[in-house]
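Written out below as structure tokens is the structure these notes cover.
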């Protein structure tokens, strides 16, 4: 609390840093760092260039053919470019290049291990399937482009408006759009059906926001219509850029220059609403429109598991190289050792004969050719089918995630959206969550809670009674002229407003309500019903509604006037100038000419100060200042969002000085924002403080429980908010992020030196190395982060932050949010997740490993930039703890299984060459080699990857520490990989040598042995998979047992073919399958190969059980007891102990 004798200190806390999100909605200038839609550096470097568009004169406008036409193309391919470009994109995968080289090598006669057609099949299959998928997707884009380009709009030509296809519209032409029609290109508004030049548009196709936006035609052109009289003039504007929230230009018409801004342009893709028609001139067309410049897809992300998988793939490649070298050296040595006998072998000679060419190259040459042949033979050691399998598994997982009714939000009719299908498993490994507050943890449905006016707190009766709840999509209705029935109002305020006695208190209240009603961007609309307020900010709706309830009703707003109903009397205020909110001034102000011809400045903004000169001096103001500061501190401790309201009477000289500078700044094409800021500084000083507002933003349902579960799972939750420190701390306690036993470490510093000093002091005081058992919470503000995120200080911030259980960053700008996420990504190997609901969260969402957008009240920009989208924050608990865990477990096992499945097959072939003079001749039929990983064994692993569950969702939600399995990489790591490879080595030895010793000394040929080995390996790998399945469904049964049946069917079909390439294998399988020893060998192989794995699993679960083993055993043995335990316990982040779980009776525990 500020002391009473510190006016400078208290004053310095007003009007400074960024306020609540109601003001952030206006931060749409290029200087803002909101993230989405901001112009790229290239656009800024071209800012000094200008484009001249002559109204209704496209020929003169584009006489140098430098402007784009309006034809657009979003498709990736054309008929000519499809094949080369698609192949080029597919071969960006190194594995595809590897298999292409294998195919090329196999076409060389000396290296032909497989049939030439058979060797092409795997690569062609993958390429064709992917090409068909890409082609189908692009065909949809072609159809969409064709429909879009051939749509019709009315264009002024030949003295009248005539229909014209969109693709033929040019810059400079005048177009007419009717209600519910889409805008064909970026147009500057010239006139509308509304007498005041107002038009309403929906921008959902552009930025995802569903609420209506207001656009205005300049009064200089609003009265002109090209159908009545020709319009001559020009628009001078900035060159095309992708900033959808800014537009700098001026309209030169009738020898006058009228400034144009973002409220005077309507962008391509918007839809005209609640307006009969509009007329505008095209300034940007086709690919130069802001919509097309922003039409880039979501950035590509690769999962952490896939990155780790590449390391193991390199190990497999190295091992493949070793066994191929061994085979090549063995071949060379064998040829060298048998050099004198080669001509005596029927299958090997040094010299060619009359009827056959043996092509002998000597020991070195034979060794080299053998090495290359083994690379071809053992190619499936690198699992090409794994790429397609993973994509299919992720698609299947997403299907079930999207249809999870537990994550369906009925009020908004929204369910989970999977916008990035390649990082599903990352949801199971998150270590840090970076969350926005407003609209993410809270509802972002604002209710006017308290008012501090003239140093008096009007909150005792007012609190939570004025229902200013906003709905951005429908607008807010105001029943009656200025008072909504059923609203309980503060009698003291009503008395002050209705009294005719002029007092300082009444003057404060009237001015306060005037600022609330007029200083905003809210536009009232009425269409055969009650008055509605359309606003981009829920805060502004709540404030305007509160003013209306007290008798200051906003009735109409145009570009030049504001009409208010003031206690039943209609008054009109002329708008002289508006200074919108920006990230430097942290306030919005408007200059109006009152009905009594006086000029007044109305201001609302953040509740801390940019300088001591913002407020006027005087004894009365000092008293108001201190009282208001106390109220602000109290509101903040209640978790309320606060704004400060101020006022100023402008003297004529001051007004004229400002107005002259404002007119120059508002028409400038270069540095307009800077010039407007300088103009504002002339009058935004010596302000009269009127009071403050407090708006309640309630927590969403289930937020405390969700955060508690996430913390118990080992996830660190950080909150990054634009609210003031006290508000953020209060919300932290409300949502169970902060607990009473936590020690708060607060860092507030305005200079770099002070910031470094405070960080070092905190580190010394608490000791980073000894903080394991301490409950620390770091609270740091945006001013401190400016310095703490600098390269030479960030290490101190990182060391302190990771030592804390909780971090709350308040008063942070959008780019600071992204900077914090980037810091943790760069300095840790942990998975990061960012979640938010507004445009100011886009940078943070895109920077994190996993980005989640909420469908909130601030539009859908966060959703459009995210990897996953949710309806409520509470669904994050189920998304991570259940689906994230399942996805990670499934894909981790799937990758290891695919490595095993292919390696065991290759090693079986390798043992064979040791007994065939290191020859590349294989005992298996070529097509069986090709079909092994594509048909015989692929379906079961995909089904298990989609449907398998190690634990039920109730157990995973009730025991959050189980989530740590993914954080610690327990299901996929180097130890598991090498253990799998050892098991693979054993199983391959059994696969080869059991049949080898069984038939040793018999008359069986290589094709008979090949049939046995092919059948045995298919049955073995499928039973290996079956032994690891934890959740059986009829689909799993059908996939595994059906795969074995289908494989044998293929064996018999291939065995029955009589073509030249198949004749050597004719009816071999039929003969082998008719003997008992064939089936006994398969049975013996399965038992001996899987026995060590079975014993290892039993020993691990008995003597060294993991958390998952214990939880699964509890589920299987005592479901009722664990269900009761899950409901009643609040587990801490530690290992799950078996003894913690109550048993239904004594005997069940003894049995265990």
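Every residue, even glycine, has its Cβ placed from backbone N, Cα and C.
Automatic prediction, not curation, is the source of TrEMBL annotations.
Note on TrEMBL: of 42-60, 61-79, 118-136, the range annotated with the feature transmembrane segment is 118-136. Feature annotation (TrEMBL): of 859-879, 1006-1026, 1111-1131, the stretch labelled transmembrane segment is 1006-1026. Per Cα geometry, 841 is the residue among the recorded positions 436, 837, 841 nearest to residue 581 (ATP binding site). Annotated pair residue 811 (ATP binding site) and residue 436 (active site, 4-aspartylphosphate intermediate), C-alpha to C-alpha distance, rounded: 11 Å. Across the fold, the C-alpha of residue 722 (ATP binding site) and the C-alpha of residue 436 (active site, 4-aspartylphosphate intermediate) stand 9 Å from each other.
Looking at residue 837 (Mg(2+) binding site) and residue 438 (ATP binding site), their Cα atoms lie 8 Å from each other. Using CA atoms as reference points, the recorded positions 436, 438, 641 were checked against residue 841 (Mg(2+) binding site), and the closest is 436. For the pair residue 641 (ATP binding site) and residue 436 (active site, 4-aspartylphosphate intermediate), the C-alpha distance works out to 15 angstrom. When the Cα positions of 436, 437, 438, 540, 581, 604, 641, 721, 722, 723, 811, 817, 840, 841 are compared pair by pair, the longest gap among these ATP-binding residues is 25 Å. Note: the Cα of residue 840 (ATP binding site) and the Cα of residue 436 (active site, 4-aspartylphosphate intermediate) are spaced 9 Å from each other. Non-local contacts of residue 436 (active site, 4-aspartylphosphate intermediate) by the CB criterion (under 8 A, 6+ apart in sequence, same chain) comprise 719, 720, 721, 817, 835, 836, 837, 838, 840, 841, 844. Of all the Cβ atoms in the protein chains shown, 30 others lie within 10 Å of the Cβ of residue 840 (ATP binding site).
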